[in-house]
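Remarks on the structure that follows.
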Amino acid sequence: MAPKLLSSTNFKSLFNSVDTFLFDCDGVIWKGDTLIDGVSHTLDLLRSKASSLSHSGKNIVFVTNNSMKSRRQYAEKFRSLGLTSVTQDEIFSSSFAAAMYLKANNFPKDKKVYVIGGEGILEELHLAGFTGLGGPEDGEKKAQWKSNSLFQHDKTVGAVVVGLDPNINYYKLQYGTLCVRENPGCLFIATNRDAVGHMTDLQEWPGAGCMVAAMCGSTEREPIVVGKPATFMMDFLIQKFGTETSRMCMVGDRLDTDVLFGQNAGCKTLLVLSGCTSESNLLDENNKIEPDYYTSMVSDITKLMDSP
Amino acid sequence: MLNRTTLVSSSSVSLLPNSKPFFSVKAFSGFRSSSFSGGFIRRIDHKPLRVMTPNLTPRAMAAQQLENADQLIDSVETFIFDCDGVIWKGDKLIEGVPETLDMLRAKGKRLVFVTNNSTKSRKQYGKKFETLGLNVNEEEIFASSFAAAAYLQSINFPKDKKVYVIGEEGILKELDLAGFQYLGGPDDGKKQIELKPGFLMEHDNDVGAVVVGFDRYFNYYKIQYGTLCIRENPGCLFIATNRDAVTHLTDAQEWAGGGSMVGALVGSCQREPLVVGKPSTFMMDYLADKFGIEKSQICMVGDRLDTDILFGQNGGCKTLLVLSGVTSISMLESPENKIQPDFYTSKISDFLSLKAANV
């Protein structure tokens, strides 16, 4: 069915059929480190138990594929942008998802995890009781290729987790490649595979999909993906709210992660055009992913809630 | 999502090497038997032929261990050799190589060297051959760095457009020799970026092609630059020198190869590149054309199934796998392996020893 432009006529039915709104972050709440206009007010209004449309307020969670920060670090980012009501329990980052995946699959505590990605992944691994290697500090390392020297890697690494890494370099690719190819049973986990993202407000930058594909190129293996559109994180959300996914609405700016995630899990989906997807991308005949609704930005919700 | 090989041109794979009688088998699906010509025969000792239960998918004809080197040598005019794992390993020459090459030249065979390694130019490879005591001319060497420049020449890539290079010196030197303007290369490995509000990375709108190959100085700056060119410059080409997953930079172990850097750009651009190195037949077509050789008169000798042997098969040549490099006999015989060369042997100097045994 063709996506409906969100309007005062259809907004009420969406609002009443949903108890929980899931928001993506990059391109929806902020762009890089710049808050998108009107977001703060909209979130407050949605939570409010005294709005004209609802007396119980809506649940709000944030589901982000950006693995650079941990949930705790994201909560700090929200606070620094003035969104002080957001707590870390409401944030589901792919860094958290990676650690939870290992926990859920009983990854042995005596094995290590090699990380090609940011501090966020290392912090979440540590919180879950796992030993992480690599991460940002390996961005300083250089490989040596001399006849008599071997590039060493820890044989106890049982998983390589790959996420967005602006400090990607040959050393990390080689380390991760040796672990996956040579350590028996080594897992290859991707936090997500987004091709590009708004790492700064002015333009898009290569996303985790780039680092993950680099590793696919050298290992000749496909990874286990824990972030959107995989529905792994949805299990945590269902547990947290005890509601059906049909009473949830995923709000995001990307069709092949946010909207697909929502659809795969059976949620309603709302695409915002404040991020990486334009109206022409959405309506292009080659596009096969159709959200239930679309609107220009999150703050449109405020206008629609206030309208008679 | 992963699509590792892109053929520039494809030729039909010939299952029968050529019309001369050969120590080989005819391709019947599921059957494996000793030599025969044109029909199904009983062996002289009256024991039934070993027959395997036919399965529905046609099996590739199993590789034969090379026994009669002379016959192979006499049946072709040109030998194409891969370098890493065939001629040398890292910086060490493999045993018996100089004598083997000399013998082939004495028999009037043309020798060509085709390598996916794009770190050096042909000239630099010429020097490496010289240092190792081998009598090889620069004109006989075809590295994927050369292939990238040759490809751009073949499509009349405009001289007023630029090429952004994610790769090493070899590519830069070859582009320079071919008269193309380039940007990037190892120097961009020193560039850092800071992702902060208000920062915008600019890129040259005149870049008409991005060439990606093995790059030990790979970083986020280069990935972004290449991505911006491919996504935003209309008609910008995305060319890969090769997609080898791993490579033997040192003889002691494997190292992440060009397939990694190319994979990264595929991940951010969501586009497949045009591959000029093996197993794409671009280099085969180029040298067949340049030297006026019939492909059926060529034997490709390599150590890697998914690049060297596939390259030879795609080009319609005979193929010989040597076990002196990355492929072991168990890998060749593994049920997961779908690529069967015509022949295999331990190293190229077997041409000398096997020949001697038959005298």
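Here, residue 1 is simply the first one shown, and the rest follow in order.
Each Cβ is built from the backbone N, Cα and C atoms, and glycine gets one as well.
Summarising the annotation, TrEMBL assigns active site, nucleophile to A:Asp24. If you look up TrEMBL, you'll see A:Asp24, A:Asp26, A:Asp253 marked as Mg(2+) binding site. Taken from TrEMBL, the feature active site, proton donor covers A:Asp26. TrEMBL lists A:Lys228 with the feature substrate binding site.
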Cβ atoms near A:Asp24 (active site, nucleophile) (within 10 Å, other residues, all chains):
25
I need the CA-to-CA distance for A:Asp253 (Mg(2+) binding site) versus A:Lys228 (substrate binding site), whole Å please.
12
Quick one: which residues besides A:Asp24, A:Asp26, A:Asp253 have a Cβ within 8 Å of the Mg(2+) site's Cβ centroid, in sequence order?
A:Cys25, A:Gly27, A:Val28, A:Ile29, A:Thr64, A:Gly197, A:His198, A:Gly252, A:Arg254, A:Asp258, A:Val272, A:Gly275, A:Cys276
Just jot down the residues in the same chain as the residue listed as 'substrate binding site', at least 6 apart in sequence, with C-beta under 8 A of its C-beta; none if empty.
A:Asp24, A:Val63, A:Asn65, A:Ser94, A:Asn192, A:Gly252, A:Thr257, A:Asp258, A:Leu260, A:Phe261
Quiz question: given the binding-site residues A:Asp26, A:Asp253, which has the greatest number of C-beta atoms lying within 10 angstroms of its own C-beta?
A:Asp253
